[in-house]
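Novice: Pasting a structure below so you can have a look.
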Amino acid sequence: MNTIRQLHHALKINRTLVRYGLDEFLTPTPLAVLRPVAKLFSFSFHKSAHDKSRGERLRLALTELGPIYIKLGQMLSTRRDLVPPDIADELARLQDQVEPFSSEEAKNVVEQQLGSTLDAVFSDFNTTPLASASIAQVHEATLKTGEAVVIKVLRPKIRQKIRRDLSMMYELASWAEKYSSEARRLRIKEVVKEYDSTLEREIDLRIEAANTSHLRHNFQDSELLYVPKVYWDYTRSKVMVVEKIAGTPIGDVRRLKDEGVNMKELADRGVEIFFTQVFRDSFFHADMHPGNIFVDTTNPDKPQYIAIDCGIMGTLDEDDKRYLAHNFLAFFDRDYKRIAELHVESGWIDEDVSIPEFESAIRAACEPIFGKALAEISFGHFLIQLFQTARRFNMQVQPQLVLLQKTLLYVEGLGRQLYPELDLWETAQPYLRKWLRDQIGPKAIFEEVKTQLPDWLHKAPKIPGLLFDNVQKLGQELEKFDSLKQEITQLEQYKLRQSGAQKHAIIGSGFALLSGLLYLGIPDDWVPSLIVGVVGLAFLVKSLWPIKVK
Ligand SMILES: Nc1ncnc2c1ncn2[C@@H]1O[C@H](COP(=O)(O)OP(=O)(O)OP(=O)(O)O)[C@@H](O)[C@H]1O
């Protein structure tokens, strides 16, 4: 049954690709055997398909293949380091075109997840969804306690649908990589894997809820960004309840202007929020499309951002941040040698890579960016060029950095849409320099002490015990040392006595020899010979005295 379903699915993909004149993508794969069959079934062959650009045909095909493919296309549209601009631009136009599921189904999921009736928790539930996307649907509601909330409900059976589509995507990617060097260069399997892990996180709403709480905590009392409160008592893996927010959608520039918002301030604040999330918190919102950002315009001179949908967040470690800050600064100083050295120093690139060669490749990729006015220079574009160049030198670009580059590109685009003269460098440079200074200055030492202190304090009560144990051990070692010292002294004495005995034996033998000679020389007078002989004997006896060791 499963195989039949798989075959049917494969046929559907094949048919769609044929319909949009994209069947050349199948040529390297075994799916191509299905092509003639698919052609038979593609009655409504798009005669005009070949008049359309390849990007447009791909967009239409993905739309037809369904929500999971649409989402894949949307993700690919942000991978400008991999996808050519004409295709990326078309894919960026992909819209979720999914039918909402019925409010009955939504109610069932909520009640089953909360283990109680809807009426027990909510005084009001709007059966018309506020929004409906490929993974979830959002309904407005009011809690019994009176708070206005929204309920995000996962689409029924979404997990099975995702698994089915993904297993086909994995197959296609494996075949493509097996037969096409271009697919291998683009690391298609990696792309599908990344997509898989993104979806995996999105289908557990507790992850999104935890991210929302964390971001809210990071910007507690901030006048830059507001994040709605999560109602944990009513949040499960398939249901999430959050505070309902009101604000002007960020994409509605006309309305923002009508509301008298200071657009330069708004754009600057956007950049500041991004750099704060990246460099201060190492935790950034990575799904910043216009539907997820609103503005509280109560004070138009100090507009406050509101962020929702924290399903995809990026995290960075200290090395990533240092890498980014140093590279950005070196880039704006046009110090390409420094950029090349930074890659080797941080171990991202093999030590045996020629720095001059790498430097000149980076120069060739980055100099064109400086052909524009400073206010148009893009950090995100720089990162794309850098990653593309680094890949040629066998650097494996970390997924968290790619996520950051995508978000950065988006933040820049948004900033310039709000305020075309926005000079990102002017806003970001002081921030980066200060951050780097803080990394090596007294503040860094203070921070290090602050971080280590709990560990030291945790060990502090054990210190007397540890000291006692060690002093005791030291005593035992000293005792051992004493007895060893005694043994050595005894050995030395023994050696000394032994050498004394040797001396006595030699002297005694000398006297014995002399006594013999005297007796031979003066045979008539044996007295001197006798005296010398006795002295010699005395020495010899002494040398034979047992050597006693004290
Ligand atoms: N806390 C909220 N208050 C008010 N409206 C909200 C809230 N959360 C979501 N919405 C509305 O619901 C829409 C969809 O919400 P959200 O982006 O969280 O869902 P999603 O399923 O992840 O959609 P997508 O995939 O398109 O981002 C938002 O664009 C917004 O209009």
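Heads up, the Cβ atoms here are built off N, Cα and C, so glycines get one too.
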Novice: Looking at ATP binding as recorded in TrEMBL, which candidate out of LYS144, LYS152 goes with LEU130, ALA131, SER132, ALA133, SER134, ILE135, ALA136, GLN137, VAL138?
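Specialist: Matched candidate out of LYS144, LYS152, per TrEMBL for ATP with LEU130, ALA131, SER132, ALA133, SER134, ILE135, ALA136, GLN137, VAL138: LYS152.
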Novice: For the transmembrane segment (505-522), what are the same-chain contacts with Cβ under 8 Å, counting residues 6+ beyond its ends?
Specialist: 528-530, 532-533, 535-544
Novice: At the Cα level, what's the spacing in Å between ALA136 (ATP binding site) and ASP287 (active site, proton acceptor), rounded?
Specialist: 15
Novice: Highest Cβ count within 10 Å among the binding-site residues SER132, SER134: which residue is it?
Specialist: SER134
Novice: For the binding-site residues ALA136, VAL138, work out the Cβ neighbour count at 10 Å and name the residue with the minimum.
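Specialist: Per-residue Cβ counts within 10 Å for the binding-site residues ALA136, VAL138 bottom out at VAL138.
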Novice: Which one is it: of the recorded positions LEU130, ASP287, which Cβ has the fewest other Cβ atoms within 10 Å in this structure?
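Specialist: So among LEU130, ASP287, the recorded positions given, the one with the fewest Cβ atoms within 10 Å is LEU130.
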